[in-house]
Amino acid sequence: MDCSFKSPFSVSTLSCSCPLGFEGSNCEINTDECEDNDCENGATCKDGVNNYTCLCAPYYTGEMCEEMEDICAPGRSPCKQQSTCLITAMGPKCVCAPGYVGDDCSINYNDCQEHKCQNNGECVDEINGYSCTCTRGYSGQLCEVLPSPRSPCDLAECQNEAPCVERAGRALCQCLPGFGGPRCEKLVSVNFVDRDSYLLLSDMKNWPQANITLQVSTAEDNGILLYNGDNDHIAVELYQGHVKVSYDPGSQPGHAIYSTETINDGQFHTVELVTFDQMVNLSIDGGIPTTMDSFGKLRPLNGEAPLYVGGMPVDVHSSALRLWQIQNGSSFHGCIQNLYINNELQDFTKTQMKPGVVPGCEPCRKIYCLHGICQPDAALGPVCHCQPGWGGPHCDQPAANPCQGSKCVHGKCIPLDMQSYRCECQEGYRGALCNQQGELYNPCKWLQCKHGRCQISDTGDAYCHCESGYTGELCDAESECHGEPVRDFYQVQRGYAICQTTRMVSWVECSGACDTGACCASQRMKRRKYTFECSDGTSFSEEVEKTIKCGCVGCM
């Protein structure tokens with residue numbers, strides 16, 4: 001600011017020359033440049049010193065806010081889901097693609113709010129539309145098409161991937177190998193490919209009379225087929241190629257019968273076991289049956305005990321070998337199919353299947369053994385088991401020695417002659433084929449029952465089951481003479497016929513011990529007349545003398 005004195009009338013005055021942007025007598029006022037500004041598009045003017053600044057409204061730029069920003073440029077557009085962005089004076093505007101709503105078009109419109117699905121069809125929202133999921137039998141875009149009459153195969157519901165065919169207007173399920181039943185719902189054939197495998201049928205019934213049929217294919221000499229019971233048992237086993245049936249009622253001596261036929265030729269053979277009253281009949285391939293008379297109360301199938309197929313657990317196995325007439329006790333190796341109990345086809349899927357049991361009997365249909373029999377193997381698949389003196393994958397080559405193709409599992413084959421051998425087991429293995437690991441634990445080994453036999457309880461503990469007349473933990477003490485009440489049908493044998501009373505009879509059976517020189521026997525008896533009916537259809541009446549009191553009497 002430049003100030004100078006002027007005195008035109010002899011009176012001195014002071015005047016100021018202001019710089020740009022200020023005014024006033026003393027240049028104290030900042031000139032408002034915004035009074036005449038060029039800001040555009042609603043911009044706000046901000047005064048400065050001899051200048052001004054335009055503060056732009058949203059979406060505008062430039063010195064005077066004269067340019068609109070490209071708010072729809074990639075990376076800046078707020079519009080979603082491939083919608084169209086428009087530049088307006090109010091900012092970006094999104095034109096949504098079909099099916100979307102919202103300011104930024106990010107919301108998928110629920111088209112099911114106004115759906116027209118029919119017949120309880122479920123609406124499924126889609127982009128710019130919807131679809132209908134129809135209930136069973138209905139079809140069409142809106143489930144408007146009513147169900148057409150169902151074919152017999154639509155109602156058949158074949159299981160286990162079995163195809164259905166129609167025959168004379170009826171549905172027929174064509175079961176795949178290994179399955180059976182009207183809908184192929186049952187697994188009816190299994191291969192036992194490991195030595196320690198078995199099946200367990202636990203849902204059993206008590207059947208005093210039973211008809212058991214099964215088909216067996218094996219190349220082995222020995223093995224358990226069926227086993228049921230505890231203190232009394234019935235067992236069907238393969239023994240030296242024959243079928244053996246043994247029955248032990250527990251309180252009486254056991255009985256056994258053998259088939260005259262051998263069944264270990266690799267072909268399927270039908271084994272039928274029929275029990276009636278005290279009789280057991282064994283038949284192979286529908287041939288003449290072999291008969292066993294138990295002469296006691298027969299319980300061929302005990303529902304309280306499981307039915308084992310193809311083998312048994314280690315603890316049951318050891319008891320059966322020790323106490324009863326089981327010859328070998330080894331697990332079955334081969335195929336079992338079509339097990340019927342009282343005309344009911346059993347479903348192996350309803351059993352407890354131990355490892356080493358595989359469904360079906362098909363593996364050996366694709367391999368031919370010239371001098372041997374094919375058997376499935378868990379690790380190798382179908383394998384030819386050659387006859388002595390033959391070898392090769394198909395048993396078509398003369399064997400150099402009997403150990404070629406031997407069955408020693410964990411051991412060394414030692415030739416005995418040109419056609420036989422023995423297995424020398426590795427440490428920790430035992431058995432004829434060295435296929436059993438270690439020594440089986442036998443809790444009865446250390447329990448010496450003097451007048452009885454050792455048995456194993458459900459908890460695995462050993463105890464002595466004493467003979468009649470003895471008691472004590474070791475059955476070493478004689479029990480006092482006493483009578484055990486009995487009520488049963490009284491039986492006699494006339495020729496080949498078994499005859500029994502038409503009603504139950506009560507009597508007393510004497511057991512126990514007396515002092516030296518005396519025996520526990522009948523002390524008082526009673527005679528009564530009863531009517532008998534015989535198995536040959538005849539009947540008669542006869543007096544029966546029965547004991548009603550026991551005591552110590554002179555020995556006969």
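Here, residue 1 is simply the first one shown, and the rest follow in order.
Just so it is clear, glycine is given a Cβ too, placed from its N, Cα and C backbone atoms.
These figures come from a predicted structure and were not determined experimentally.
Between Cys444 and the candidates Cys434, Cys449, Cys454, TrEMBL records the disulphide pairing with Cys454.
Comparing Cys413 (disulfide bond) with Cys475 (disulfide bond), their Cα atoms are 45 Å apart once rounded.
In space, Cys56 is the closest of the disulfide-bonded residues Cys56, Cys134, Cys184, Cys425, Cys454 to Cys96 (disulfide bond), judged by Cα positions. Sequence-distant neighbours of Cys403 (disulfide bond) (same chain, 6+ apart, CB under 8 A from its CB) are Cys413, Ile414, Pro415, Tyr421. The Cβ of Cys413 (disulfide bond) has 18 neighbouring Cβ atoms from other residues within 10 Å, across all protein chains displayed. The shortest Cα-Cα distance between Cys425 (disulfide bond) and any of the disulfide-bonded residues Cys134, Cys395, Cys454, Cys466 is the one to Cys395. By neighbour count, meaning other C-beta atoms within 10 Å, the densest spot among the disulfide-bonded residues Cys134, Cys444 is Cys134.
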